[in-house]
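Beneath this line is the structure, given in structure tokens, with notes to follow.
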Amino acid sequence: MNQDQLKQSVARAAIEYITPKLQADSILGVGTGSTANFFIDMLGELKDQFAGAVASSDASATRLKALGIEVLDLNSVGELVAYVDGADESNAQLALIKGGGAALTREKIVAAVAREFVCIADESKWVDVLGSFPLPVEVIPMARSYVARELVKLGGSPVYREGVVTDNGNVILDVHQLAIVDPKQLEADINQLTGVVASGLFARRGADVLLLGRAEGVETIYPK
Ligand SMILES: O=C(CO)[C@H](O)[C@H](O)COP(=O)(O)O
């Protein structure tokens, strides 16, 4: 199986996972990226079984609407039944690195509101220690150089993602050279830097379940 087939298999597994949880008034949180896109495309089959979705990016909102799924503003809804999204890396505690698609802040907000965060990923994303994938950090544009210097003090090597502006009008620093042995502590350290909007480290609110696509089948993993 190639990587896209593994992504499709976890998207299908997520559809099967959430179907019994959906009710006519349920609102679902939907993520961003190529794995999430496979999920969105399959979600069209269920569109009469739930009320609508909150999307973590404009791109996902457009894709959902094209399928006839109502997209709602997060401020107009209460709890989300679940949030389904991909990841760039996951460890055994289901702490994640996300934000390869620059949607990390909205992803973090939508995940925070969800009863359950269902992560879907192919096996290339499974790691012992987070940090081989550069950690994205969303930053207010005028704070970019200051935050970059502070990230160096935390042991990282930040690189400005040129040409990328987030849906919130901010910029991304991708932090290389981090071996993240204490994800919750690093998430807190980065959060308290002035000018940081959010980091792509999802440790305090990691995934509640990971559907991991392996060649031999989809494995359901709970936090260790
Ligand atoms: O966090 C994300 C976007 O900001 C994605 O979930 C992450 O980058 C994984 O993407 P893909 O499913 O395309 O591998």
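The first residue you see is number 1, and the count goes up from there.
Placement of Cβ uses the backbone N, Cα and C atoms for every residue, glycine included.
Automatic, uncurated: that is what TrEMBL annotation is.
According to TrEMBL, the protein carries these features:
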- Glu107: active site, proton acceptor (ACT_SITE)
- Thr32, Gly33, Ser34, Thr35, Asp85, Gly86, Ala87, Asp88, Lys98, Gly99, Gly100, Gly101, Lys125: substrate binding site (BINDING)
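This view paints the features noted in TrEMBL onto the structure.
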residue	record	Cβ contacts under 8 Å, 6 or more apart
Thr32	substrate binding site	Ala55, Ser56, Ser57, Ala59, Ser60, Asp85, Gly86, Gly101, Ala103, Arg106, Glu107
Ser34	substrate binding site	Asp4, Lys7, Gly86
Ala87	substrate binding site	Leu96, Ile97, Lys98, Cys119, Ala121, Lys125, Phe202, Ala207, Leu210
Gly100	substrate binding site	Gly33, Asp88, Phe133, Pro136, Gly200
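Considering only the residues assigned to substrate binding, Thr32, Gly33, Ser34, Thr35, Asp85, Gly86, Ala87, Asp88, Lys98, Gly99, Gly100, Gly101, Lys125, the longest pairwise Cα distance works out to 16 Å. Checked against ligand 1, the binding-site residues Thr32, Ser34, Lys125 give Thr32, Ser34 as the ones with a Cβ under 6 Å from it, listed in sequence order.
Taking the mean position of the Cβ atoms of Thr32, Gly33, Ser34, Thr35, Asp85, Gly86, Ala87, Asp88, Lys98, Gly99, Gly100, Gly101, Lys125 as the substrate site, the remaining same-chain residues with a Cβ inside 8 Å of that point are Gly31, Ala36, Ala121. In the structure as shown, the Cβ atom of Lys125 (substrate binding site) sits within 10 Å of 21 other Cβ atoms. Cβ contacts within 10 Å of Asp85 (substrate binding site), excluding its own Cβ and spanning all protein chains shown: 30. According to its DSSP assignment, Ser34 (substrate binding site) is helical. In the three-state DSSP reading, Lys98 (substrate binding site) counts as coil.
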